[in-house]
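*Asks:* Can you read through this structure? Questions will come right after.
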Amino acid sequence: MEILKILENLNDKQREAVSAPRSNLLVLAGAGSGKTRIIVHRIAWLLSIENCSPNSILAVTFTNKAVLEIHNRINKLINFNKDKLWIGTFHSLAHRVLRIHYAEANLPKNFQILDNDDQFRFIKSLIKNMNFDEKKWSVNRAMWYINNKKDKGLRPKSIEHNNFIDKTWKYIYQEYQKACDRAGLVDFAEIILRSYELWLNKPNILEYYQKRFTNILVDEFQDTNSIQYEWTRILVGKHGRVIIVGDDDQSIYGWRGAQIKNIQRFLIDFPNTDIIRLEQNYRSTNKILRTANALISNNNIRLGKKLWTKRTEGVPISIYCAFNELDEANFVTNCIQSLYQKNNKLLDCAILYRSNAQSRILEEVLLYKKIPYRIYGGMRFFERQEIKDVLAYLRIINNRNDDIAFERIINTPQRGIGDRTINIIREFARQEKLTLWESANILLTSDLLTKRAIVSLKSFFDLISSLVNETIGLSLHKQTDKVIKDSGLWSMYEQKTGKSHNRIENLQELVNATQQFNYKDDDLTPLQAFLSYSVLENDKNHTEDKWNNNVVQLMTLHSAKGLEFSHVFIVGVEEGMLPSRMSMHENIMLEEERRLTYVGITRAMLELTLTYTKTRRLYGKEIYCRPSRFIKELPPDCIEKIYRK
């Protein structure tokens, strides 16, 4: 009976993947082929039919939304103890390992995770303290360099340099890592690299996890970078069994380190791997799929598959040549208005573009025509200024050596501690190799600061001391509420004009979030668990507009991955835009642009429209445009050219 329940409603290839022998398996899952079902039903199969222990299963996916979905869907299939299963993102699972083995990983028990904004601030402060010219040694470039090296598993001592520039970037990386270690801070890339190094340096710990996790599943394998691949490979070991699910045709994150060749590399490292192709698509019409297949067949770096469907033939793909970007925006919005008048929901309409800069003219026209819209992938709840202020206070309570939190709140709300005082604290910390908290504490009794600065600094130390003492024993939400009120943040935002009402509401929502927060981890305090959650919960779930609003969706092609819409408009399908100008002369990058276009096409369920312009204003200049080479690669019998009326 359980076998029937697990295998029902699956097609033949899905059943083959779910019930496959416990050996290494690659599932090449095409767009819209139901790959999440494979992960869900395979775990249910292992638990119910193979009688595997929940402790033996580790499943990796790329978003917290997918983690929640997998848990919920398994729960509908079978009864199981979800606490024993390890299902999470690479970062959350590696973080879990580090929390358990923090001492062996040379981390303090209360180590804190840096999000991208905090990492940027930290590097900016570091470069300033080193007296480097920020125009020459940009923060963004330094951040990219550090994360790129970590994603490749490289520490400063392993990096070779041939010139002064490379030597300087390496030095910045080295000093950054020293500062992070002093303050007990880890960035996203560090989480995975540090846990990988833990396994390399502590064979007994690696052996424990290898013996425990004998059934490993990894989703979206085409999106893994070098260190994530190595993390997986070393954990599987020689005797583990792993199923990887991925689609090399949807590998679109090369710019952030993802390696499309990891799938081919896996087949080399695990030579007896079986391959199952999921090619039946449940999303799109036949014409849309034939268009997608024709486009992607021009790529050379792929294992190959051909999507098909039992759905209708569908209408042709519309291609519109606009005079300029205003004409393009008017055409798309007119189409959306027409769909809406025919009782289609605005929510089912998506406008996709290669670059965020393309949204401006679209937004102007949508506003002019009073068509409601939202930019998908807006600011996360935990990225908002007022929320980060509160979290910084909570972080200092948890770890006084957190330099990023210290800098954020030392004069927030304003308490008379100016830039000069902060610079003295920074410089003293740099000279003495101290954290900012340690530096400031020593300077309280020195003559390097003015009397006024010392009074202000002492009041800050007294505030933190009282918050630490008075929140002991309080529940997490009462702790948070007290910090918001006693720190002066509530009063500060209450007195401000503009968005103050929204900010106050967000502070209240933060208290609600801490009250509703559930966790099960004996190794962490509720505060430590919540602080980690606030950084690792990275799916942009708390945006201004909710999905249930009937509004048009605007997003980049990268943001659209994993989503689907009845009516899709891809704008700017022209040379220099899609493919992007930087990728046009390098085949590997050009193939990624083609995959990106393929992802956009396969978001469409019923109707797909591609637009390009004859002229476009870029960087203040009017330029002439040519239709993208990708349009020429589409099958003529699947497209229909639309002409201006």
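The backbone N, Cα and C atoms fix where each Cβ goes, glycine too.
Feature list, courtesy of TrEMBL:
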type	residues	note
BINDING	Ala29, Gly30, Ala31, Gly32, Ser33, Gly34, Lys35, Thr36	ATP binding site
DOMAIN	8-285	domain 'UvrD-like helicase ATP-binding'
DOMAIN	286-562	domain 'UvrD-like helicase C-terminal'
*Asks:* Among all the protein chains here, how many other CB atoms are within 10 A of the CB of Ala31 (ATP binding site)?
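*Replies:* Other Cβ atoms within 10 Å of Ala31 (ATP binding site): 24.
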*Asks:* What mean pLDDT does the predicted model reach across the domain 'UvrD-like helicase C-terminal' (286-562)?
*Replies:* 89
*Asks:* Sort out for me which one of Gly30, Gly32, Gly34 has the most neighbouring CB atoms within 10 A, since those are the binding-site residues we care about.
*Replies:* Gly30
*Asks:* Tell me, if you would, which residue among Ser33, Thr36 (binding-site residues) has the fewest other CB atoms within 10 Å in the structure shown?
*Replies:* Thr36
*Asks:* Suppose we draw a 10 Å sphere around the Cβ of Lys35 (ATP binding site). How many other Cβ atoms does it contain, all chains included?
*Replies:* 21
*Asks:* Other residues near the ATP site, CB within 8 A of the CB centroid of Ala29, Gly30, Ala31, Gly32, Ser33, Gly34, Lys35, Thr36?
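*Replies:* Counting only non-site residues, the set is Asp247, Leu278, Asn281, Tyr282.
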